[in-house]
Amino acid sequence: MPSAYNGRSRTRERNSVLSRPEFMSLNHQPLRGGCGPPESRGAPKRAAQPKPQAIQKNEEPTDGGSKDRRESTKMPEEDCMQLNPSFKGIAMNSLLAIDICLSKRMGVCASTSSSWGGCRSMVALLALTGHGITWIIGTIVCLTRSNTLAGQEVLVNLLLALLLDVMTVAGVQRLVKRRGPWEMTPGFLDCVAMDVYAFPAAHASRAAMVSKFLLSHLVLAVPLRILLVLWAFLVGMSRVLLGKHHLTDMVCGFALGMFHFSLMETVWLSSNTCQTLISISTLSWSPFF
């Protein structure tokens with residue numbers, strides 16, 4: 001009898017405890033996964049808190065985690081590209097490295113403190129002979145003083161070739177935007193002639209085009225022809241010595257100048273067309289003469 005009485009009293013106490021307001025939710029909440037032991041019903045809430053935290057960590061991914069996952073998906077491809085480059089990429093990178101190294105070594109007149117700094121003014125004067133402004137002004141002056149139709153025809157086509165060269169080189173330089181080996185700021189005349197960037201070399205293009213043009217349309221002695229070719233080469237090299245261009249810029253400039261000459265030979269203006277252009281320009285500029 002005492003043991004039965006003690007059992008009923010314990011049951012009443014437990015029911016009275018579960019009937020309190022703070023334990024009402026335990027009486028109405030169904031158990032997951034079937035009936036469990038009675039001690040799990042009276043377990044404190046702190047034991048059930050880690051589950052929602054774990055769920056929140058899994059259900060709320062941060063932006064950093066998503067970025068890391070996106071980068072992890074991209075990294076293998078990038079690693080493959082860097083660790084297994086193509087033969088073409090290796091060859092191009094090697095040639096560019098050799099070009100930059102040789103161009104910097106050849107920039108012996110880049111500043112007054114360079115190894116050939118004392119010859120900088122002389123080399124700059126040689127480069128000025130291949131400047132676009134110099135040739136355009138000189139061609140216009142010669143055209144105003146020419147009295148023969150053949151001479152005017154050659155000079156008008158030369159002027160158009162110079163303008164074509166300046167505009168084409170400026171457009172390619174704006175498109176490529178390659179800096180020189182010594183990162184020098186362009187001078188005033190370079191900004192006027194739109195020769196701001198390094199590729200292609202405008203002086204080399206102009207010197208090659210002018211020399212080929214004069215060799216084709218002027219009767220010159222052999223020594224003068226040799227001097228003209230030597231002048232074109234030295235003008236292109238002068239810009240490399242001054243640290244303005246790379247060697248590849250000079251080579252591409254020579255090639256572009258030859259292309260301009262071939263193009264002007266294809267669209268050569270006749271003498272009548274040149275006279276029409278001269279008459280139009282004379283009427284427009286007659287008040288100033």
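Using N, Cα and C of the backbone, Cβ positions are placed for all residues, glycine too.
What TrEMBL records for 1-76 is region 'Disordered'.
Annotation comment: TrEMBL describes 45-56 as compositional bias 'Low complexity'.
According to TrEMBL, the feature compositional bias 'Basic and acidic residues' maps to 57-76.
According to TrEMBL, the feature transmembrane segment maps to 122-143 (among others). Here the transmembrane segment (122-143) has long-range neighbours at 109, 116, 152, 155-156, 158-159, 162-163, 165-166, 189, 192-193, 195, 202-204, 206-207, 210, 231-232, 234-236, 238-239, 241-242, 278, meaning same-chain residues at least 6 beyond its ends whose C-beta is under 8 angstroms from one of its own.
The domain 'Phosphatidic acid phosphatase type 2/haloperoxidase' annotation in TrEMBL covers 153-265. A mean pLDDT of 91 is what the model gives for the domain 'Phosphatidic acid phosphatase type 2/haloperoxidase' (153-265).
Taken from TrEMBL, the feature transmembrane segment applies to 155-176 (among others). Residues 132, 135-136, 139-140, 142-143, 146, 193-200, 202, 205-206, 209-210, 213, 253, 256-257, 260-261, 263-264, 268-269, 274, 277-278 of the same chain lie 6 or more positions beyond the ends of the transmembrane segment (155-176) yet place their CB under 8 Å from a CB of it.
Residues 126-127, 129-130, 154, 203-204, 206-208, 254, 261, 265 of the same chain, all 6+ positions outside the transmembrane segment (214-235), place their C-beta atoms under 8 angstroms from a C-beta of that stretch. As annotated by TrEMBL, transmembrane segment applies to 214-235 (among others).
Note on the transmembrane segment (247-269): residues 95, 99, 102-103, 106, 153, 156-157, 160-161, 164-165, 168-169, 172, 178, 180, 198-210, 212-213, 216, 232, 236-237, 239-240, 277 of its chain, located 6 or more positions outside it, place their CB under 8 angstroms from a CB of the stretch. The feature transmembrane segment is assigned by TrEMBL to 247-269 (among others).
Under DSSP, the residues of the domain 'Phosphatidic acid phosphatase type 2/haloperoxidase' (153-265) split into helix, strand and coil as follows: 84 helix, 0 strand, 29 coil.
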